[in-house]
Amino acid sequence: MTPPLPGFRDVRVVVAGDLMLDRYWHGATQRISPEAPVPVVRVDGAEERPGGAANVALNVAALGGEAQVVGPTGSDEAADRLAELLEAAGVGQRFHRIAGADTITKLRVISRHQQLIRLDFERGFPGFDHAAMLALLEPALADAAVLVLSDYAKGALPDPAGLIEAARRAGRPVLVDPKGADYRRYRGASLLTPNLAEFEAVVGPCADGDEIAKRARQLAADLELEALLVTRGEAGMTLAPREGVAVHLPTRAREVFDVTGAGDTVIATLAAALGAGVDLADASALANVAAGVVVGKLGTATVTPAELEAALGGGPAPAAGSGVVDEPGLLAAVRQARAAGERIVMTNGCFDLLHAGHVDYLQRARRRGERLVVAVNDDASVARLKGAERPVTPLAQRMAVLAALDTVDWVVPFSEDTPARLIEAVLPDRLVKGGDYQPEQIAGHDVVVAAGGSVEVLPLLAGASTTDLIARIRSRG
């Protein structure tokens, strides 16, 4: 039986480890290069997300907890961008910036939802040692409920055992996502969360779940751990406490699109649940459900409480249309969506007398990301742009009809002649406009592009316009 969803609101989690910036280039692949037998990708979109230890913290924040990251970075543009992304998601940062070092960056090229290649940018962190990490960590532990060590063997955790000892002295449980074959580095931790390949690299091949549990319990005893949670892909997970009965949790995934970052979601959900007072068995069951949700998403992603509640069967799946919002409500919703790794698409218009052309356009706009914001001119703004006889339909009715479309997430009004100020506040990943404009002519173009987003013009459905519709109505008396 899966436990009910706890409240994560006041749970504070510190995540120490290898901080990364994940970058994605998206595009179509239709031919092979004449220069070499490789596909040519025409890039038409790019996005950035926190990765590694930063993605663990992002997952905690997406669940509603308070998260802070601790670790080394370069003193470079990637570190600045990572800080901006974390700040936007409400995640605190304690970076140790090192001049001349690279912030760990992974660039993935994606076409048709398939990863074609990954390029890694990293050179290590010269001079960063245990004392430096401990100095970063100790102040953060003061008001934390749980410490997570996210180890990708990139140099952020030169002595994890020393950090574990410091956390245990402070009375904080320590969860570790381990790396490498020497788990003695993690002696005294509360819990390790290796995947099956990592686990078997330490203990040897295991024939079945029972053997996994047996060897995990022995390893827990040898290393003075409370338990191990071994993630096993399509076979689910095995929780093996040092004392007590092992539990095998079958997978909850319905579809698997991408396992990138799934381990981050598991340990983040465990940390948030344990910090909320859930026992280890129930916290592991929740983490298993969260993993089943996140592998159904593309790229490094997160899980929201609504998604977790729906997966638990305790509530409806999050609705695509979240209704009419004011600007503060929109910005709060966008922050939550970004914390969940969702791309924000934004468009705007009068949308007077909604017709098939509008519906077709909004459907195509929504396919550019996971969330669609529609900014709507208020009545006075429409009158200034279209003339005193417009709008035909008042603002409240126009917004209500738009919000009823399953392609639209949020509808927000604006009173200016252009939504430039609102666009700057939202900073969508992709700004979309219908018509025959040049992208540079679209309000908000410069700020969106400067923030790393893109601007796209979509052609409108021929023969469908509000002006023509009004003319036809008038011609029929």
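Placement of Cβ uses the backbone N, Cα and C atoms for every residue, glycine included.
Some features that Swiss-Prot has for this protein:
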- 1-319: region 'Ribokinase' (REGION)
- Asn195, Leu196, Ala197, Glu198: ATP binding site (BINDING)
- Asp264: active site (ACT_SITE)
- 346-477: region 'Cytidylyltransferase' (REGION)
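Structure with Swiss-Prot features highlighted.
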residue: Asn195; record: ATP binding site; Cβ contacts under 8 Å, 6 or more apart: Val230, Thr231, Arg232, Gly233, Gly263
residue: Leu196; record: ATP binding site; Cβ contacts under 8 Å, 6 or more apart: Cys206, Ile212, Val230, Thr231, Arg232, Gly233, Ala235
residue: Ala197; record: ATP binding site; Cβ contacts under 8 Å, 6 or more apart: none
residue: Glu198; record: ATP binding site; Cβ contacts under 8 Å, 6 or more apart: Pro178, Lys179
Residues of the region 'Cytidylyltransferase' (346-477) by DSSP state, where helix covers H, G and I: 54 helix, 26 strand, 52 coil
Listed in sequence order, residues not in Asn195, Leu196, Ala197, Glu198 with Cβ within 8 Å of the centre of the ATP site Cβ atoms: Pro194, Phe199, Glu200, Ala201, Val230, Thr231, Arg232
Around the Cβ of the residue listed as 'active site', the count of other Cβ atoms that are within 10 Å: 30
Averaged pLDDT, computed only over the residues in the region 'Cytidylyltransferase' (346-477): 84
